[in-house]
């Protein structure tokens, strides 16, 4: 399996994401600059955290216009796994690939610590290696991670089982304790916590690795077994 880590000006978690795939998952991965126009050779696309374009205007607001995002849109339409973490999540909502918006944390402060999450849906290509209701501990590092959507959108997310992760002890004010959601098709996941920072016990925990193992499992079952 081959992953792409999209690198925007200001990305700073791309190395962590690359390490998670290459050294912990053991799969092929490339850094792909934001002006790339073709991602056809990749089986999964990863949008890392950071401060793309300095977070000017709004977090992710400028990145949505990058050439690579047109290719990400195409990959999403093809059903390929797309994972956006932190700033990557912000880019996904700005691009319209996921509903809602990320706003300033309720306390208006940057937060950087490990928090408990509850797995709400383990039937996605990103969470099949978890148990439903499982409590996992994943680092957060954000100033604008407060997920917001209107009541109609929230109702739709709940009805269609698109809420994948919830905070056990909401750190930022996110509506309905939301930490991560998928699109209706189930192949685009956005989450504020950083699973790539929890892939080895030496880092303090490895509970984030299952996100990437789930993607690999999906790909093998879909494209290798059926080949």
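Each Cβ is built from the backbone N, Cα and C atoms, and glycine gets one as well.
Per Swiss-Prot, these features apply:
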- 3-225: domain 'Glutamine amidotransferase type-1' (DOMAIN)
- 86: active site, nucleophile (ACT_SITE)
- 194: active site (ACT_SITE)
- 196: active site (ACT_SITE)
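On its own chain, residue 196 (active site) has 13, 16, 17, 19, 20, 48, 85, 208, 212 as residues at least 6 apart in sequence with a Cβ closer than 8 Å to its own Cβ. In this structure, the CA atom of the residue listed as 'active site, nucleophile' is 7 Å away from the CA atom of residue 194 (active site). For residue 194 (active site), applying a Cβ distance below 8 Å and a minimum sequence separation of six or more within one chain yields 13, 16, 49, 85, 86, 138, 139, 140, 141, 208. In the shown protein chains, 30 other C-beta atoms lie within 10 A of the C-beta of residue 86 (active site, nucleophile).
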